[in-house]
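Read through the structure below, which is laid out as structure tokens, and then see the notes.
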Amino acid sequence: MLLNLPKAVKPIGVWFLSGARAACIGVDVYPSHFASLLKECKSANTVHQIHQQIIASGLLSLPTPLLSVSLPALPSEPFISPRSLGTGVVASYLACGATDYALLVLERVTPSPAVWWNLLIREHIKQGRLDSAINVSCRMLRAGTRPDHFTLPHVLKACGELPSYRCGSAFHGLICCNGFESNVFICNALVAMYSRCGSLEEASMIFDEITQRGIDDVISWNSIVSAHVKSSNAWTALDLFSKMTLIVHEKPTNERSDIISIVNILPACGSLKAVPQTKEVHGNAIRNGTFPDVFVGNALIDAYAKCGLMENAVKVFNMMEFKDVVSWNAMVAGYSQSGNFEAAFELFKNMRKENTPLDVVTWTAVIAGYSQRGCSHEALNLFRQMIFSGSLPNCVTIISVLSACASLGAFSQGMEIHAYSLKNCLLTLDNDFGGEDEDLMVYNALIDMYSKCRSFKAARSIFDDIPLEERNVVTWTVMIGGHAQYGDSNDALKLFVEMISEPYGVAPNAYTISCILMACAHLAAIRIGKQIHAYVLRHHRYESSAYFVANCLIDMYSKCGDVDTARHVFDSMSQKSAISWTSMMTGYGMHGRGSEALDIFDKMRKAGFVPDDITFLVVLYACSHCGMVDQGLSYFDSMSADYGLTPRAEHYACAIDLLARSGRLDKAWKTVKDMPMEPTAVVWVALLSACRVHSNVELAEHALNKLVEMNAENDGSYTLISNIYATAGRWKDVARIRHLMKKSGIKKRPGCSWVQGQKGTASFFVGDRSHPLSPQIYALLESLIDRIKAMGYVPETNFALHDVDEEEKNNLLVEHSEKLALAYGLLTTSPGCPIRITKNLRVCGDCHSAFTYISKIVDHEIIVRDPSRFHHFKNGSCSCGGYW
């Protein structure tokens, strides 16, 4: 460049690399020469060198404007000639993208024109440096340059995109002080800024002032409509749009503004599933000629899909002259949202066959569709294909894939997705929570995945990494739900207390309530369940999902032993779903009230509900637990005969259980052999349990062998066969089974019972003497046993160890965990109140007999829950009627 300088500037060319030397010897240096050099600069480094020469030459202090200067323009922007050499340097730095150097020079130019500050601010915004853009505007003010009507919209845009309400409101004050409050462009920018900052009230106030002054335009209306749509005020947005169509047509507009208006309002129509309004907006687009536009077409497809009108969406899609990848994505997402996954997958396959570009939205829509449909393996396979294709997933993709991992319990794959998210910056590192909404969504999905994979240590670690003030209702719900479904329900209760505690209390939603009620049901914690029920009644936010919460309450009360309160909740429901009827039937079934369960079934059919296979499973379960053999078999036959339903293995298991419990083992065995499918473990367990009642050793051995072949045996199966051998007096086989369990590493779970007293819940194991009230407990038990023996109670010593004498067997029976829990309940429960005991194993036959006698001499109803049913002991009888 230096060799091509004109001859007139030869002195500069000779001494270019030493401007100081030129100044010292008095060589004439002209600003226009440096202006010519600046014009030719292609890099910031070259501009920097010339800048140094200009400084050394002392030319920046010259007041004379440059003559005949034509400096390079910013890319895609018209060039504005500088008034001084300083602004020429600024322009060259900006042209090369060196914004920091440009800022340093501009601060030293006096006076500095606002136009260069505007360009500098805009360049920072283009680069995504929003904080820097605001900082530049503040330095502009400190430099003494007054902002103009171009400066403020750019700065307000930066405030909104951050978002920073504090900075935005400060610039609002500056606008008022400088008389810009009547400038419609700046006012529109204020509306948009407040909207992005979540301050809809301020945005509405600015808009009202604009319309009162009569300076509003179509952009003003578009901004406020968009603000209400983003704030989920869809009906208000539709109302404003209607007014806009009546008012704005009298104001100057253009096609782009009309397109933005249509695209703004259609998401509101879709969110409300407002079919008439969607069609009206569609008609408006056709009348004003904006419908062929691809943006309008895409928005219409999305709105119709969300309204459930995929036929209309297909028509719009087919009428579009030009389709981009967003058009295809909208169709794929629409099919997925409507549940028509086959059509979505077919469209996706066609896109791949026709080599239509697939972006992250396309891949994500199909992956999410597979995940939501329960096709988790397909979702994971498609994610692998996405990675191999070179398409990078976003946060929504990661969330969908994590959901698939959670459904499968795929712990290893979930960890891989976690690592991928960290590696590709889709998630902030541990202990450095970013606070972004997308970050939190991925964190929540990870907590859910790890919880469902039963890795609670990892789930809790991620949960603890999220600051208390950043946790939202989903964060708490997935953590509580994980513990309630797959972990320790006591931890779920503790988390719920933390969730609603100040200072960062979060209001639970209906899903949180369902999870905590599930935890109460697992623990039989009826006292806490009632407190949750009262909480729901006090807070009206659950009215929209009242039947959903009510279903959970029915389940909780039933599993806590209070089926009558469950019925009260059921009867008070104004709207009942199939789940409501099924839950109530299940409750009656597990409490041995089969006639009430069948009565609910009849009422369900009269209410217009068609029973499905799950309903019949509940009916058969109720009949099985109540000895209603003939009715149960009749319902089993009517499944296929009257309703066209094919019984599954679970239905056969209930029918076999019905027959076997009633002593019809031969017919039960024939049913097993006639099953149209291979018998599952549930069938063999049902048969094995019945053999325990009827002491059929041969059939029990066959059932156990089948369970061993299926690798489905557990401590319960071995305990059953051991008890069957013991009852038959086959002690060598009992010893063989114990040796086999020891060799296989299978340990018998210790019996544990817990009971709710006035001072909380107390737990007991067999022979437990750790409780402070143990002396009183054992003394009371001894007294009770003596009293009921006088009434005819005979200890069933076959439920004790076989290798001890009879006296020791009697002592061991007294120490069973449910008897200890009963004694504690009698000591701590007010007279007349029911005593609720929960046991982790099936109730022992001797304890069942003892409780029946004890219920004659105590002023309490004794309610015992084991893994399969409830026993209500009262006045010398049990609700099971001896059928258990």
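Every residue, even glycine, has its Cβ placed from backbone N, Cα and C.
Annotated features, as they stand in TrEMBL:
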- 113-147: repeat 'PPR' (REPEAT)
- 183-217: repeat 'PPR' (REPEAT)
- 293-323: repeat 'PPR' (REPEAT)
- 324-358: repeat 'PPR' (REPEAT)
- 359-393: repeat 'PPR' (REPEAT)
- 472-506: repeat 'PPR' (REPEAT)
- 577-611: repeat 'PPR' (REPEAT)
- 714-748: repeat 'PPR' (REPEAT)
- 792-884: domain 'DYW' (DOMAIN)
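Same-chain neighbours of the repeat 'PPR' (183-217): 149, 152-153, 156-157, 159-161, 163-165, 168-169, 172, 175, 223-224, 226-228, 230-231, 233, 248, 251-253, counting only residues six or more beyond its ends whose CB sits under 8 Å from a CB of the stretch. The list of residues near the repeat 'PPR' (113-147) in space but at least 6 beyond its ends in sequence, with Cβ under 8 angstroms from a Cβ of it, reads 74, 77, 80, 82-83, 87, 90-91, 94, 97, 99, 102-103, 106-107, 154-155, 157-159, 161-162, 164, 167, 171, 174, 178.
For the repeat 'PPR' (714-748), the model gives a mean pLDDT of 81.
For the repeat 'PPR' (359-393), the DSSP counts in helix, strand and coil order read 27 helix, 0 strand, 8 coil.
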